[in-house]
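Trainee: My structure is below; once you've seen it, I'll send some questions.
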Amino acid sequence: MHRYRSHTCGALRDSHIDQTVRLSGWCHRIRDHGGVLFIDLRDHYGLTQCVADPDSPAFALAEKLRSEWVVRIDGKARRRPAGTENPELPTGDVEIYVTEIEVLGPAAELPLPVFGEQEYPEDIRLKYRFLDLRRENLHQNIMTRGAIVDSMRKRMKEQGFFEFQTPILTASSPEGARDFLVPSRIHPGKFYALPQAPQQYKQLLMMSGFDRYFQIAPCFRDEDPRADRLPGEFYQLDLEMSFVEQDDVFAAVEPVITGVFEEFAKGKPVTRNWPRIPFAESLRKYGTDKPDLRNPLLMQDVSEHFRGSGFKVFARMLEDSKNQVWAIPGPGGGSRAFCDRMNSWAQGEGQPGLGYIMWREGGEGAGPLANNIGPERTEAIRVQLGLKAGDAAFFVAGDPAKFWKFAGLARTRLGEELNLIDKDRFELAWIVDFPMYEYNEEDKKVDFSHNPFSMPQGGLDALNTQDPLTIKAFQYDITCNGYEIASGGIRNHRPEAMVKAFEIAGYGENDVVERFGGMYRAFQYGAPPHGGMAAGVDRIVMLLCGTNNLREISLFPMNQRAEDLLMGAPSEVAPKQLRELHIRLNLPQN
């Protein structure tokens, strides 16, 4: 018999009854029922009930066992007594009568229990992540993550993509966030950077004559903590294709993402024909560029009903042509208590309030806005929004560029409060026609709005003749249930167009050569039209595991202060190491 096991803890069935078996694993739970000990033994594969009574030669040692001790148990498989079977377990018809126990690894007192799913402070869970990972839900999430990555690889290869590994040590570049810098010992004063994405390398692969590239790529960004992103690193399904237009990328990617979602959605419906929503339309209807399409509420411009009306606050705003009034329908929200609750929520978000109209039985409007604009305008708003008695509408006004984010939050809040969001489906969509540039209010300059390597719609001619803020890019995102899960674009592969695009954003040709010299040189030697995208592995896994916390699908994540509490990173290093790197510390004063 094998030194440690003849079977795993998830393997035994009726067919093994009367066999002598050997199991090894962790003592998941130990119960004493009238002097008979029941030990639930757990390993990676499952759980088996082991029984020791006073007649067992191993009973004395069994009494000393504690939770999470690692043991080897020998015994005979037998059928559980009638009425004690556990249909929730694959091994639930069988138990092991214990004849021998060997303690392989005793455990100290546990800082958090493995049995059960009690909530514990996050810092404790991260410091003792090796215990946390033994817990059933987190353990299963990590296994699901591995299966999802396997599925991605298989489906990408079926689409004709080949897997490559691009460098981890690279050059620093202004792709968005701060780089993690790695000092060079051999070249004092110079630094490598960990890649924010394999962007330049994957484009260089297309210029090297390869046709369809992908990898599950680690990416590193020195960003301030955000609720929807783990600090430090994340993984993406990265891909690039040669001789393609936007529709070709869509045709290659949709079957992969749809297939992965359908495989792991546990029967929940998944969008088959993805809508394509222009960026501007997405802001106008949903107040976000990552809409949750499970929420049926659509915002509408109702400015005409307030222009010149008796509600002077909105009427005066509308004298400025850039201002608008948007309405968010609230079907079933036509009570004073609900409207007041929404108004209080808006004030909690830093807004002066949230105007509303309610419609009573009989169809008349109620509330301060209705009283000020009169019954005809109130009725016109009701008709435009398709509302009825018992419904409400909520209003935001001003410059849409300044209020659309809040309007989107209000739409989401209404959908949640009114129970309009179907949680049991996955709604996927393309967001297209992103603006190439945006105005940076802080720096008072035009900046790239997304990926600086995207092709402008209209090419070099658009860059030379159009107002930069009106130029659209061949840039696209995939959204699912309110999350951006992928982003990409058709690339700007002509060197003169690339230089012009960066010039508009304030970079001269010398800047381009200095920062992107390798790719710029490659553009001079025959660059094919190419495009691609990157899908966030972590977010996709998070959605498919039914959680909203990225730490619940990551092995050893950092906390929100970018600290690895298990390994003690970041840490101080020895003075000798700093001297070898020619680094002197200049720490901030407390």
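Glycine is treated like the rest: Cβ placed from N, Cα and C.
Pulled these from Swiss-Prot:
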- GLU175, ARG221, HIS450, ARG491: L-aspartate binding site (BINDING)
- ARG221, ASP222, GLU223, GLU484, GLY536, VAL537, ASP538, ARG539: ATP binding site (BINDING)
- 199-202: region 'Aspartate' (REGION)
- HIS33: site 'Important for tRNA non-discrimination' (SITE)
- GLY83: site 'Important for tRNA non-discrimination' (SITE)
Trainee: Should anything in the same chain at least six residues away from the region 'Aspartate' (199-202) have a Cβ under 8 Å from its Cβ atoms, list it; otherwise answer none.
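Mentor: Same-chain contacts beyond the flanks: 166-167, 170, 173, 175, 213, 238-240, 451, 453, 516, 518-519, 532.
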Trainee: Measuring Cα to Cα, how many Å separate GLU223 (ATP binding site) from HIS450 (L-aspartate binding site)?
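Mentor: So the Cα of HIS450 (L-aspartate binding site) lies 16 Å away from that of GLU223 (ATP binding site).
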Trainee: Restricting the comparison to the recorded positions HIS33, GLY83, ARG221, HIS450, which residue's C-alpha is spatially nearest the C-alpha of ARG539 (ATP binding site)?
Mentor: ARG221
Trainee: Look at each of the recorded positions, HIS33, HIS450, ARG491, ARG539, and point out the one with the fewest other Cβ atoms around it within 10 Å.
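Mentor: Least crowded of the recorded positions HIS33, HIS450, ARG491, ARG539, by Cβ count within 10 Å, is HIS33.
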Trainee: Run through the region 'Aspartate' (199-202) and tell me, per DSSP, how many residues are helix, strand and coil.
Mentor: 4 helix, 0 strand, 0 coil
Trainee: Between HIS450 (L-aspartate binding site) and HIS33 (site 'Important for tRNA non-discrimination'), what C-alpha distance do you get in Å?
Mentor: 64
Trainee: Quick one: of the recorded positions HIS33, GLY83, ARG491, which has its CA closest to the CA of ASP222 (ATP binding site)?
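Mentor: Nearest listed residue in space: ARG491.
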Trainee: Once the DSSP letters are reduced so that anything not helix or strand counts as coil, what is HIS33 (site 'Important for tRNA non-discrimination')?
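Mentor: Note: HIS33 (site 'Important for tRNA non-discrimination') is in a strand by DSSP.
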Trainee: For the recorded positions GLY83, GLY536, work out the Cβ neighbour count at 10 Å and name the residue with the minimum.
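Mentor: Sparsest of the recorded positions GLY83, GLY536 by Cβ contacts within 10 Å: GLY83.
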Trainee: Under a criterion of Cβ-Cβ distance under 8 Å and sequence separation of at least 6, what residues of the same chain contact ASP538 (ATP binding site)?
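Mentor: Result: LEU230, PHE234, TYR235, LEU550, ILE553, SER554.
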Trainee: If you compare CA-to-CA distances from GLU484 (ATP binding site) to each of the recorded positions HIS33, GLY83, ARG221, which comes out shortest?
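Mentor: Nearest listed residue in space: ARG221.
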